[in-house]
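What Swiss-Prot annotates here:
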| type | residues | note |
| --- | --- | --- |
| COMPBIAS | 1-21 | compositional bias 'Basic and acidic residues' |
| COMPBIAS | 48-63 | compositional bias 'Polar residues' |
| COMPBIAS | 65-74 | compositional bias 'Basic and acidic residues' |
| INTRAMEM | 347-365 | intramembrane segment |
| INTRAMEM | 525-544 | intramembrane segment |
| REGION | 1-96 | region 'Disordered' |
| TOPO_DOM | 1-119 | topological domain 'Cytoplasmic' |
| TOPO_DOM | 141-145 | topological domain 'Extracellular' |
| TOPO_DOM | 167-190 | topological domain 'Cytoplasmic' |
| TOPO_DOM | 237-244 | topological domain 'Cytoplasmic' |
| TOPO_DOM | 265-301 | topological domain 'Extracellular' |
| TOPO_DOM | 323-346 | topological domain 'Cytoplasmic' |
| TOPO_DOM | 366-378 | topological domain 'Cytoplasmic' |
| TOPO_DOM | 426-460 | topological domain 'Cytoplasmic' |
| TOPO_DOM | 487-524 | topological domain 'Extracellular' |
| TOPO_DOM | 545-583 | topological domain 'Extracellular' |
| TOPO_DOM | 595-607 | topological domain 'Cytoplasmic' |
| TOPO_DOM | 631-705 | topological domain 'Extracellular' |
| TRANSMEM | 120-140 | transmembrane segment |
| TRANSMEM | 146-166 | transmembrane segment |
| TRANSMEM | 191-211 | transmembrane segment |
| TRANSMEM | 215-236 | transmembrane segment |
| TRANSMEM | 245-264 | transmembrane segment |
| TRANSMEM | 302-322 | transmembrane segment |
| TRANSMEM | 379-401 | transmembrane segment |
| TRANSMEM | 404-425 | transmembrane segment |
| TRANSMEM | 461-486 | transmembrane segment |
| TRANSMEM | 584-594 | transmembrane segment |
| TRANSMEM | 608-630 | transmembrane segment |
Amino acid sequence: MSRSDPDPGKNSEPSKSKMSLELRPTAPSDQGRLNEAFQDEDLEEQNAPGNSTVRSRVVQSGEQGRAKQDDRQITIEQEPLGPKEGTEEESEDERQKGFLERKYDTVCEFCRKHRVILQHTIWAVLLTGFLALVIAACALNFHRALPLFVITLVTIFFVVWDRLMAKYEQRIDDVLSPGKRLLERHWFWLKWVVWCSLILAVILWLALDTARLGQQQLISFGGLVMYIVLLFLFSKHPTRVYWRPVFWGIGLQFLLGLLILRTRPGFVAFDWMGKQVQTFLGYTDAGAQFVFGEKYTDHFFAFKILPIVVFFSTVMSMLYYLGLMQWIIRKVGWLMLVTMGSSPIESVVAAGNIFVGQTESPLLVQPYLPHVTKSELHTIMTAGFATIAGSVLGAYISFGVSSTHLLTASVMSAPAALAVAKLFWPETEKPKITLKNAMKMENGDSRNLLEAATQGASSSIPLVANIAANLIAFLALLSFVNSALSWFGSMFDYPQLSFELICSYIFMPFSFMMGVDWQDRFMVAKLIGYKTFFNEFVAYEHLSKFINLRKAAGPKFVNGVQQYMSIRSETIATYALCGFANFGSLGIVIGGLTSIAPSRKRDIASGAMRALIAGTIACFMTACIAGMLSDTPVAINCHHVLESSKVLSNTTEVASCCQGLFNSTVARGPNDVLPGGNFSLYTLKSCCNLLKPPTLNCGWIPNIP
């Protein structure tokens, strides 16, 4: 054994003690504290490059001198490495604190100990103050405060519901489990009774409603049945169709439409909501006017429409930060889940598409996209094609399209998308994602509300640029295609050949089966062609022209060309166009989903075209439901009313038809009068004799022998 080695009999235990103390830093001791005048110097030496050799020098000294290292020596060497903590030091720091600092620490400690009680107290005070304001507003003018009162009640209901379900959900389930088991035992017979009763009720309602309003409702019902049959015939797996989501989806469509379009409370509520949305979006003008000047409306689309997209995107981002949008999406998704039996992923995405776009809604379930089934992936794409984003909803409203019908179409299209998707591509696999996982949604990466607003405005820049660029490109392309078709048609003495004319013949059967008036079927078919081959912006822009011409009460026919549609046809067209189902969106969906889930690229590409067709038919089915429920009177056949009898009677129908005839008549002077709508001068003279219109000089009409 070498001389430098420690004696195993004596120094084995001390050596172990020394090694353990060297590897574990000890707390500083007051006995080993250095002079305070040299504290900074010691710290600088500790941070110097040579301080790593301190431990090795101690070990070497112990080995050469065979001296025991006591705790005090180790503590002195290790003091700069350890934190300076100690009760006496803390008490010394306390004595050095000022009076205000000690009081502040006391208050902070009190708040930490009673944090829950303080939070509840603050919320109670705020809630009490808000309820006092609501009561005061109702006492002053209840009719004026009715919306605030309803919103408050709905909010309180859902907050209390969430708290009760979070705390007593299992108990409620245990109480209801006997009734649930009873229903499950007899459900095979009960479901047939329920479905047959509902079908009979719908048939009876249609019969009575048709007798009151006319036969157009039956055509819409026939169109709905036709689309269901077509989807079943061309289904991916016709024998594997699960009919519960199909019937429930159509049923929810019908119930929502019935509530909104036929009941006064529902219509008033959605009409009020639509007007509030219009008013809210009107605040965009303040920013647009400041940026673009007072004459910003001279460039209506660029400076009036597109800023609405920026504003709405900002608001949506703020609502996401607050968690309100996620809460609404979870509630709507849960409703579709328990009624339709769709998977949690499908329900969440379909509910999300009511508020966000087809590329944003898959982000709600981004972690689970690589694991969804092919049918679920098809449903996700179909839901995107069948609905529109909330950010562009305001732009369509600014065109002059009815905000009530646009909001209704957005809500009705969500269950329609699930029903169509499950019929066109039935589920043949077992979904892997559970309800609990799918309902978890992030609040975004914004750190505060102001940052969320900034991110929302910035994220709208690509969307605005995309809308403007696509409109420029598509309208230019449409003009070129029409010129080329006109040139080609002129070779056969038919220069009227155009893209609109071709689309009107392709989509005319579909538009007619939705229930539009017979004379408007080609006009609606043209709009569907615009929407399918270009985008819905182009289609709604043309629809707004028809609406404005009708409101201006101008001539309905000019040189034999119809200028606008009936109100019923406008309503059905609004529902049929309310979706992103077009070939431009096809590339957007494939690119967006592929970037989110690269492993599913092949499945996305193979199912995208079927999803586009399914989304289009979902919009058509929503239009059929609107046609069944629309109580707008069918357009009067004025040719039959005015020309079937020689003597006109002063009835409402005759007066309406004569007024339309007056508006469409062109009178240049005596004996130079051209009746509109292909009516005869005799009919025009008869209407003049009956009503004597102030806008037309009936003396200019030549005498008819």
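Residue 1 is the first one shown; counting continues down the chain.
Cβ from N, Cα, C; glycine included.
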Contacting positions for the transmembrane segment (461-486) when only residues 6+ beyond its ends and CB under 8 Å are counted: 301-302, 306, 309-310, 313, 357, 391-392, 395, 495-500, 502, 534-535, 537-538, 584
Top Cβ-contact partner of the transmembrane segment (608-630) among 191-211, 215-236, 302-322, 404-425, 584-594 (pairs under 8 Å): 404-425
Secondary structure content of the topological domain 'Cytoplasmic' (237-244), with strand meaning DSSP E or B: 5 helix, 0 strand, 3 coil
Stretch contact, the transmembrane segment (215-236) with the transmembrane segment (584-594), Cβ-Cβ under 8 Å, 3+ pairs: no
Within the predicted model, mean pLDDT of the topological domain 'Extracellular' (545-583): 85
Long-range Cβ neighbours of the transmembrane segment (404-425) (under 8 Å; 6 or more residues past either end): 228, 231-232, 234-237, 241-242, 245-250, 252-253, 256-257, 260-261, 267, 270-271, 273-274, 277, 332, 336, 340, 342, 346-347, 350-351, 353-354, 374-375, 378-379, 382-383, 385-388, 390, 393, 396-397, 571, 574-575, 578-579, 607, 610-611, 613-615, 617-619, 621-622, 625-626
Intrachain neighbours beyond the topological domain 'Extracellular' (141-145), with Cβ under 8 angstroms and 6 or more residues off its ends: 134
Chain residues in Cβ proximity to the transmembrane segment (245-264) (below 8 Å; excluding those fewer than six residues from its ends, i.e. six or more beyond): 195, 198, 202, 224, 228, 270, 336, 339-342, 404, 408, 411-412, 415-420, 422-423, 621-622, 625-626, 628-631
Same-chain residues at least 6 beyond the ends of the topological domain 'Cytoplasmic' (237-244) whose Cβ lies under 8 Å from its Cβ atoms: 340-341, 422-423, 425-428
